[in-house]
């Protein structure tokens, strides 16, 4: 298998699922794991290969069973922008707007504050098990799957990943392996060469997603430039561009979206939920809107071939109402309170 990758040959989904099973069963050496992760990244993974790797991870995961549809708002990370936690804030706003959210995430790897870090600073308990996460979704409208809790066998790849210290195929798998397997997603990808490939995974699953990368490198919908976007629905993919100026958002310098550590970013989140206007609120509104669009598409609502700006404008209005009506701040308070009463089941 390593020889095939070294020769630039693609693997089947069955091949990569087998390889991931070997890794997560602790049957592979650190050298083999490192070589595999780097080789497939250098070759360039296919949707089939990524889908197989995700399948292998799901076979070892603690899965979450939820009632009905939900959306995830997640990114690969690795954009090194130092931005505030836009996807985390957007997740809370989307849930407050009435759309069920199951977010999958982890602590920061290459930044000062990951999604898990800022949620913890906001008072949300991280180490909840499948039943507790499902209860949060059922009672509050949002749950968080902390990756180490739900993918414990991934620890067997940890040493190899730390030793080589460069992005590998494992960096791409987080957005593809939400343990609740929601049918919709807003997915940011920091790697431009993989944007279409990641979209292809969702297309093969029959899921609905907006897969995005800002022209400034942000693994979110940016407001400093346009955003390269793949709209995925019903097994089909369409490429488009999101321009914030068409949504009434003035372009800003990327510095306006930069944050700090978890406590700083938690303070920014509280400020946004309190109704503070500005660049961060605008970014949260447009990303929240995109998640709402993806969720609607998963339920057969909306036209995936229509100009995405029209649907985004409607979604932004819903998101703004959830903030300005106090629902986002109230939901965060309820979520934090409930999560701290639950165990790790």
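Cβ coordinates come from backbone N, Cα and C, glycine included.
Since the structure is predicted, the reported quantities are computational estimates derived from the model, not experimental observations.
Per Swiss-Prot, the features are:
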BINDING   75, 106  anthranilate 1 binding site
BINDING   75, 78-79, 83, 85-88, 103-111, 115  5-phospho-alpha-D-ribose 1-diphosphate binding site
BINDING   87, 220  Mg(2+) 1 binding site
BINDING   161  anthranilate 2 binding site
BINDING   219, 220  Mg(2+) 2 binding site
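DSSP assigns residue 75 (anthranilate 1 binding site) to a strand.
In the structure as shown, the Cβ atom of residue 106 (anthranilate 1 binding site) sits within 10 Å of 18 other Cβ atoms. Distance noted between the C-alpha atoms of residue 219 (Mg(2+) 2 binding site) and residue 75 (anthranilate 1 binding site) is 6 Å. If you take the C-beta of residue 87 (5-phospho-alpha-D-ribose 1-diphosphate binding site) and look for same-chain residues 6 or more apart in sequence within under 8 angstroms, you find 73, 74, 75, 103, 115, 186, 188, 220, 287.
Fewest Cβ neighbours within 10 Å among the binding-site residues 104, 107: that distinction goes to 107.
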